[in-house]
Amino acid sequence: MTQLCIIPCGKKKIWDKYPDASSTKAKNAYIGIFHHLCQQYVQKYFDKWIIISGKHGILLPDDIVPENYDVTFRPNDPNVISLQKLQMQIKNKDLEYFSDIVVLTGKKYRPIINSSFAHATSIQYPLLGTKGIGGDMQHLLKKSITNNIPLHKRKED
């Protein structure tokens with residue numbers, strides 16, 4: 001099976017720019033620079049990708065995000081999706097068959113991803129060790145996209 005890439009949602013959403021916007025597909029809901037670069041990366045290197053959200057959990061690109069929200073993976077936040085719900089979404093969306101996962105997030109997502117995708121034999125975090133969304137992560141993504149050199153280890157089917 002091909003690799004699955006997970007990208008983070010993002011604080012800046014379509015409703016921040018267009019407050020009267022209605023519900024929208026996940027691939028159009030997040031409008032920040034980092035999220036946009038992540039989408040460019042996954043569209044270049046992956047057939048299958050998802051967005052992870054603290055509120056909605058696992059979002060396929062065409063899943064609907066109903067409205068604006070501000071929830072991130074914070075410990076003990078009652079608004080954060082539970083691990084059990086994430087695992088159920090993985091099963092319901094037929095993602096449990098992916099054993100090779102690539103994650104374009106920072107370290108705060110690592111515990112939730114590792115727990116949610118415990119079945120995976122490989123989880124790569126090619127952006128770990130960089131200095132944050134605003135700088136190094138964006139630079140690495142831009143360079144990879146421009147030079148056509150992936151940051152992750154590619155596996156052939």
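Glycine too: its Cβ is placed from the backbone N, Cα and C atoms.
Pulled from TrEMBL, these are the features on record:
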- 6-140: domain 'DUF6884' (DOMAIN)
Compute the average pLDDT of the predicted model within the domain 'DUF6884' (6-140). 92
Please work out the helix, strand and coil residue numbers for the domain 'DUF6884' (6-140) from the DSSP assignment. 49 helix, 25 strand, 61 coil
